[in-house]
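Structure, as structure tokens:
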Amino acid sequence: MKSVADLKEGEKGVISAFLDNKLALKLLEMGCLPGTEVKLDHKAPLGCPYCISVSEDYQLSLRKSEALTILID
Amino acid sequence: MIVALIGNPNCGKSSLFNHLTGLRQKIGNFPGVTVDKKVGFCKISDGSDIQVIDLPGTYSLYPNSLDEQVVLEVLTNQNHSDYPDLAVIVVDSSNLKRNLLLFEEVNDLGIPTVLALNMLDVANEIGVSINTPKLEKLLGIPVVEVNAREGIGLEGLKLTIFRALEKKQVHQNLELVSEEMKPAVKQIKEKFSLKTDYAALHYLTQTDKLSFLGQNDQRFLEDIATDLKLDADGFQAKEVMDRYRDIGQTLSQVVEIESEKHNSLTLTQKIDNVLIHRFWGYVIFLGILFLIFQSVFTLANYPMDLIDGGIASLNDFLKSILPESKITDLLTDGLIAGIGGVVIFIPQIAFLFAFISILEESGYMARVVVLMDKLIRRFGMSGKSVVPLISSMACAVPAIMSARTIGNWKDRLITIMVTPLMSCSARLPIYTILIALVVPDDKLFGLFGFQGLALMGLYLLGFFSALIGGWFLKKILKTNERTFFVMELPTYKKPRWKQVGFTILEKVKTFVFEAGKVIVAISIILWVLASYGPGEGFSKAEERVAAQNIGLSSDELEPKIAAEKLQNSYAGLFGKFIEPAIKPLGYDWKIGIALITSFAAREVFVGTISTIYSIGADDADDSTIKSRLKNEINPETGEPVFSVATSYSLLIFYVFAMMCMSTIAVVYRETKSWKWPIIQLVYMSALAYVSAFAVYWFLK
């Protein structure tokens, strides 16, 4: 199973599920619903955190450990 | 009438607040918590004044931090003194879907609502157009277009607010209560006389977040939740998904997107290629920091000198026109000198916050958080700690308050505990004068002044000790709380200068009134302690000095009398009392007095030292203080008091010592217990004592 953490810079994916319920709640209210397209824009210089754009509308920053819990197709 | 401004972070809510209220605003606290409350007044269309409250930005009514919890508590507690008569929901039109989530939630609480569509220009640029009249019809509440950046559409908004207050409209969105929950919801709604089922649902699912409820009420609600076998997280997830589906249906009828234009992020992503580049990212960040320091320390000097001179001449003027008396002394040497000690820091604080708010306004600060997160995480903090750490170079008080944005309690606590180790502007006068005493005014490679390098060294020492302190606390503190780093990265924007101006004004006001109170009070107490003393030692000082120094003119006698009096004053006796404890650090009883007085606030140190070494207010410029200190001889050893060892020992002492009442007070307020400020005081004092001791004996 692929997660957001497996994306390469510039690569896209579509959210399929969340592994962490509490984090899912936070992401849901920020507009990351299952079925939303996300793109990995940048990794910070030391490999973490990540900057992702959500349906080309806005950018979020999250840690690698958090990215691992967002599964994508 | 109370109108609350509510919206997501970065939706332009604060600029709208500034436009509506102008300078008629004040900062207070919400009852019981330390979250800043911004309140202002605004004339609406019928000429009456309404109270406008700027609530903290949030994505939903389910809070993840203290700031966000305030929004929930104000909006669900009908007896709250800030409970609004009307909510104006400010939304970023370029991101309408996500912004409407909060709108629906607030609306469902039964609070009359107006929707303000902001940033339509940004939406148009990326090819999003919105049919406002149709949206208004579908939502069933008033919708207005505003441009908070430019201040356009304000009259329309005020008119809408006026009308909405006359005829309050509420629109119910979704049916969220399932059959088995209905009796419980009805029971809660009746018990707390709530307006809607949705408000009752928040009482049920977020009981622990509603601190205004008494213990009995909390237990009552918890019992209901247990009976229902309530799955609060599941409920919340379903609610959010349902709402997004509902919003999606509404928006499909009113929003049109030109797809070829639609990528709002292109420019921001290009800038990010440089600003979070693995090499240039750090180079640029360090460059910006360097620039900030240079300007804070060089540019701020000019207005500071002016203020210093102004206060001194005001004092001279008052002394010359007022009769010589204790009251005059109290006014000039006590009160005005004390106020001067506050006012002098305004330029530095203004400059620092000008830069910080430009960095925040432009969207760069969020990138700094990204750049620093992994580095700083090793030391028990998060990238979000960077803002408090940088701010504390001006003053630890606002810095500690800004740590509220850190959702994780452990990260926040560690940040609060180590922030005072960063050298604040109050240490600067002490550093300046002691460095001038012991560091030669030469240049390394003819370029970098040694004195400047020494100053930078002290700042770095503070910074690294903050990191090490964080690392220790990380090992010691245990927590099982879970919070997240996830945050929105705002797009890059041109800073709005008006907004920057407001921030500066706000921070300076907070400093002057919060820290100022303490500093002025301490200055007056110090003046009393130094001007009075017990018994004959003090009262006969004048005669004794006159008898010992026959033949001196009264001008020459005066400083000797002042010194003799000080030695026998209450302050002098305190200094002598603690002398045995500070002797190992290389200090005498006079420095002891300054240590005691500066315990309240470090900036008092230089003032006290200059009083103690009997330097009159009229020639109190640095060079005379400096030469006096240099010439001061210890009567027992015959050595200079401010030897290299003693001066460095003092410098190191002030890097580490927690000498600031305001900081102690603010840490108490922010952690809501005396435990943390006391631990902080003890560990920092011990660190200061041990390091100063080591430095003294090493250099001696």
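The first residue you see is number 1, and the count goes up from there.
Keep in mind that glycine also has a Cβ here, set from the backbone N, Cα and C atoms.
Just so you know, TrEMBL annotations are computer predictions that nobody has curated.
Per TrEMBL, the features are:
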type: BINDING; residues: B:7-14, B:32-36, B:54-57, B:118-121; note: GTP binding site
type: BINDING; residues: B:Asn18, B:Thr21; note: Mg(2+) 2 binding site
type: BINDING; residues: B:Gly22; note: Mg(2+) 1 binding site
type: DOMAIN; residues: B:1-167; note: domain 'FeoB-type G'
type: TRANSMEM; residues: B:279-300; note: transmembrane segment
type: TRANSMEM; residues: B:335-359; note: transmembrane segment
type: TRANSMEM; residues: B:413-439; note: transmembrane segment
type: TRANSMEM; residues: B:445-473; note: transmembrane segment
type: TRANSMEM; residues: B:648-668; note: transmembrane segment
type: TRANSMEM; residues: B:680-699; note: transmembrane segment
With the greatest number of Cβ pairs under 8 Å to the transmembrane segment (B:648-668), the stretch among B:279-300, B:335-359, B:445-473, B:680-699 is B:680-699
Same-chain residues six or more away whose CB lies under 8 A from the CB of B:Thr21 (Mg(2+) 2 binding site)?
B:Gly40, B:Phe41, B:Cys42, B:Val52
Around B:Gly7 (GTP binding site), how many other CB atoms lie within 10 A of its CB?
28
Long-range Cβ contacts under 8 Å made by the transmembrane segment (B:680-699), restricted to residues 6 or more beyond its ends, are 417, 420-421, 465, 469, 584-586, 644-646, 648-650, 652-658, 664, 667
Residues outside the transmembrane segment (B:335-359) whose C-beta sits under 8 Å from one of its C-beta atoms, at least 6 past its ends, are 288, 292, 295-297, 299-300, 303-304, 307-308, 311-312, 314-315, 318, 365, 368, 387, 390-391, 393-395, 398, 425-426, 428, 495, 499-500, 503-504, 507-508, 511-512, 515-516, 519-524, 527, 601, 603-604, 607, 617
Smallest number of other CB atoms within 10 Å: among the binding-site residues B:Asn10, B:Asn18, that is B:Asn10
10 Å Cβ neighbour count around the residue listed as 'Mg(2+) 1 binding site'?
11
In the three-state DSSP scheme, B:Gly22 (Mg(2+) 1 binding site) belongs to coil
Could you please provide the mean pLDDT value for the domain 'FeoB-type G' (B:1-167)?
87
Validating a neighbour-count step here. Other CB atoms within 10 A of the CB of B:Pro56 (GTP binding site): how many?
24
For B:Asn10 (GTP binding site): DSSP state (helix, strand, coil):
coil
B:Gly22 (Mg(2+) 1 binding site) and B:Asn10 (GTP binding site), distance between Cα atoms, whole Å:
20
